[in-house]
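One structure is given here, and the rest of the page talks about it.
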Amino acid sequence: MSGVTARMENSIITTDSGILFFDQNWTQVSSGGHQFQHISAFAYDEVKQKLYFSDLKDPKFRIFSLDANPQEEYHKVTKLLPKSDETAYITGLVFDHLERKLYWTERGTHALYSVEVDKIGNGTDAGSLISTVTKVEDNHDLAGLAIDECRRHLYWTNSYLQTSNVVRATMAGKVLNSHTEDVYEPKGIAVDHYSNRIYWVEKKFGRAFSIQSVNLEVEDVKTFISENDKAPTHVALNSRYLYWVDQQVGEVHETLKSDSTQSRVVYRGNRPTAIIIKSALLLNHQNNNPSCKSVIAKILDNVKRESEGELPQADKPTSAKPEMIICLNNGILNHNTNSCICLPEYQGNFCEIPICNNYCVHGKCVIGRDNRPTCECDAKFEGERCDRSKCDGFCLNSGNCSFSDATATCACPKNFSGKRCETAICTSDYCYNGRCMVEEGGSPKCQCNVGYRGERCEEYTCNNYCLNDGKCVLNNETMLVECRCGAEYTGKRCEIPKRFCSLDTGNPELQPYCDGIPLSSQQQQQQLVEPQISYCKNSFNRTVVYASLAFAASLFILMVILLIVRRFYEEGRPRITKRFKVTSNHTQMTSRPATQCEITIENCCNMNVCETPCFDTNLLQKSSSKAEDKQYLLDDIENIAGSYRKLPSCAGGDKNLP
């Protein structure tokens, strides 16, 4: 490997036992800084391949640098910034390649600081180079820090419970906006240049935690992971994966960005604190990003000018041996690492290998926004490198694949159908009791086993075959079903009463059954068709039914006649007619004097006796002749003790009532 030109994505993890370096397969290749056991934050310089970090327990210095080239056995550590009386717990650290500045946050002082690293060590007091970018309120705890070098923004997290939020600010520290909704205790934060989003880890209530994301304007909140029983503190990203550190169990997790359920542990060991993906993200992978082009062009121009001696070469090792390096295909020599920074189309130690060289097997190679090669495949091929025919494995069940207008189609064998021959026409359970065969039209057909019938051989042949309690059996010689009838029936299905055999039915087809003459094999085959069962019209049962119906009808008519005769000769009850005669001297009921007659009427059914006649109910219950009824009525009219009487008027005058 030679500097930043290598496409391998190396990783760096800080632990309680030092700084560990890994290759792209997460195999440890080297380590350094073993004297530092409480590293709280660190940042990476891609141009000079230096690691900047802070150690909580060091009594004199707050920030150190370490040569991060994994090819070297010994990683030199340099003390950069001394501590002061105000120096507090450093929680976040980032590096800006354009201005070559370090930015960091301190929790105790509630401030964001910066320093130009190339000016340190030139005889100037390092403490005087530190600038205060901004201060936050005392009820804010600065935690994680991230930088968007392309768009020139800073992001930090505030983990104070009452005011917790995620902040976006300018490089000068001016707050632009923040995200506060449902933010509990955010910690590590990182910028994803590939998807233009911000990710941070956050402690939730109780044992819960989550990894959240927003866009670069800290809007459009999405939950990436939400789980329990872990304590994540730091997060980093590359083009495909998100990495997060769990200090509680000492693990580093790798989670697929496109599917958060796909995750694995890539490191387990001494308590990890932070992680950096050293993948030349800025210089190599973002050179085609429109938002990054102008910034990266300036960075590369500074590298070129420094290599050519136009700019002072700060912090260059004096013991380095000169080596002649020539970068091909307009590559830029980085004197700090003595390696080449290649254009997006080339790779190799000297930028000598076109990145698209033999990359696409059957297609055209193009360079994406992340400077990675991608393939535009020919019509009949697919895959990351167009190395797989669309017909490979497309047709199932021995189907033959062919192309029709660059679309893969399948010619299926006889027993299968579907776009990919995935559907079996004759499934194992299609014919219940038989063998399935495919007809010429592609439809399934069942050949039933002996003793079964139906479209899918679902019906036992003997089911409901023999009538009148006949017993169905299978003939072992002919393999046909036969009926063993009782004493009163005969026929193929025991459908003919034997008593009809003595009658002259005129049906010669029934005669062989009645006579007991065995049928020929041809007749037996014809009898496989179930005969239509018919019955004699003059049967005994029908005669009984008709006779019963006739008797019931006659009885009903007789009863109707008797009721009519009885009604005709029955004597009617007398009808009483009441007449009222009105004269001129008759006083109306409403105009009579106040003095009224008090009348006691016994057994009267209506109190208004002057208007309504009354009857003696006892007399009505007696059976008497018509003449006797009239006599009783006349007697009651004359007799004041009867059920009905005429009342004198209250005035005592003559009454003209009848």
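A Cβ is built for glycine as well, from the same backbone N, Cα and C atoms used for every other residue.
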Between C386, C395, C401, which residue forms the disulfide that Swiss-Prot gives for C391?
C401
Choosing among C342, C375, C377, which residue does Swiss-Prot name as bonded to C360 by a disulfide?
C375
Quick one: Swiss-Prot says C494 makes a disulfide with which of C485, C501?
C485
Give me the Cα-Cα distance between C401 (disulfide bond) and C410 (disulfide bond), rounded to a whole Å.
5
Quick one: of C421, C472, C485, C494, which of the disulfide-bonded residues has the smallest count of other CB atoms within 10 A?
C472
Go through the recorded positions C365, C395, C472, N476, C483, C494 and tell me which ones have a CA within 10 A of the CA of N415 (N-linked glycosylation site).
none
Fewest other Cβ atoms within 10 Å: which of the disulfide-bonded residues C391, C395, C410, C412 wins that one? Let me know.
C391
Among the disulfide-bonded residues C360, C365, C375, which residue has the fewest other Cβ atoms within 10 Å of its own Cβ?
C365
Just jot down the residues in the same chain as N476 (N-linked glycosylation site), at least 6 apart in sequence, with C-beta under 8 A of its C-beta; none if empty.
none
Tell me, which recorded positions from N25, C410, C412, C472, C494 are within 10 Å of C483 (disulfide bond) if we use the C-alpha atoms?
C472, C494
Considering Cα atoms only, can you say which of C391, C395, C472, C494 is the nearest neighbour of C365 (disulfide bond) among these disulfide-bonded residues?
C391
Based on Cα coordinates, which of the following recorded positions are within 10 Å of C391 (disulfide bond): C356, C375, N400, C412, C421?
N400
